[in-house]
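*Asks:* Questions regarding the structure given below will be posed in turn.
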Amino acid sequence: MENPPYHVSISKSEEIKYRQKCKDLKARIQEIQKGNQELLSKYEVIRRAVKRGRLERAILMEQLELQSEAKSREFGQRSEPSPPPPPEGIKIKISTKGAGNPSAKKLKISTEETSDTNVALNNTSEISHKSSNNSQPKDASVNDTDADFEQQNQVVQSKDEKITNTDPIPSPIITNLKTESSKSSGAKKATSNAKITDTMLFNHFSSIQKPKLKAEGSTLKGQALKKTLEDTWNNLTEEEKKPYHEGLLAAREKAREARRRRSAQNSAKLEKEKAKEKQKDKDQEQDTVSDKNQIDEIEKGQKEVDEEPVSEPTTSPILPPKNQEPIRMGGFTVVNRSSNA
């Protein structure tokens, strides 16, 4: 037959001490778990912030590059300061022909004010002539002054006629007078064409010709290769240089379009990341709520366990059953079956 289990008697103070130690260990475990959860949440927030910062930096760098190109084009087209305003009595009309090119703007002087000045000068000359005929000259100096005055009137009239009969005076470049047509696509193409220099065209030509020379088996390098390319470029005519000019424009437009597309992709990616982060925050909030509910349930069960009454240990000696002999060993009582049984 199997031996019965050992019966161990524990004092009340030891049992209370063990219970208190168990409570302390559970409280410590819960405190450590709570601290770990807080550290994990902080780490997740910092990781998302770093990722968002990197994306925003990439987008800002793209926008800065586009703005710098626009500013460089604007400053490249900025011309000399505008001339002083015309004198009073002269109206300036700006023709709308060739508004895309600032150098094609012309000033037209209206003849309204000049005709009025001619009429006034003619009237004054007639009055002075009549007065000179009616009145007898007293001195020779008076006649001389009248003659000088008439000559001045004739000179002024001849100048006015020349101004009205001549072609419109070409105006200098005026930066402040910009029409709506200058903001069209044609004006943008003109600005891009004006910005391209001979050095840029030569570099584009070199980038195209170098692979061709290498494929043909040329061994030129360094200054010799550069000299050959320069001689070839200088021997080309304007018509032969036109394809390289158009190719450079197409390449720059392609690069600009690629930058715009990259910027749009980065912005879309940032929006997706923000949406994912919002969804993750919601999920994390739900997890924290569920964890809190579980912790509350555990604490509630712990309180119920703590509130249960502790049974006091019996102080009466443990009597062995029949046919069993008690054996005392230290603080324990071991019951063995007798040999008679």
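Each residue, glycine too, has its Cβ placed from N, Cα and C.
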*Asks:* Based on the annotations in Swiss-Prot, which residue of THR96, THR219, THR314 is described as phosphothreonine?
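*Replies:* Going through THR96, THR219, THR314 one by one, Swiss-Prot flags THR314 as phosphothreonine.
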*Asks:* To which residue among SER171, SER316 does Swiss-Prot attach the annotation phosphoserine?
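*Replies:* Going through SER171, SER316 one by one, Swiss-Prot flags SER316 as phosphoserine.
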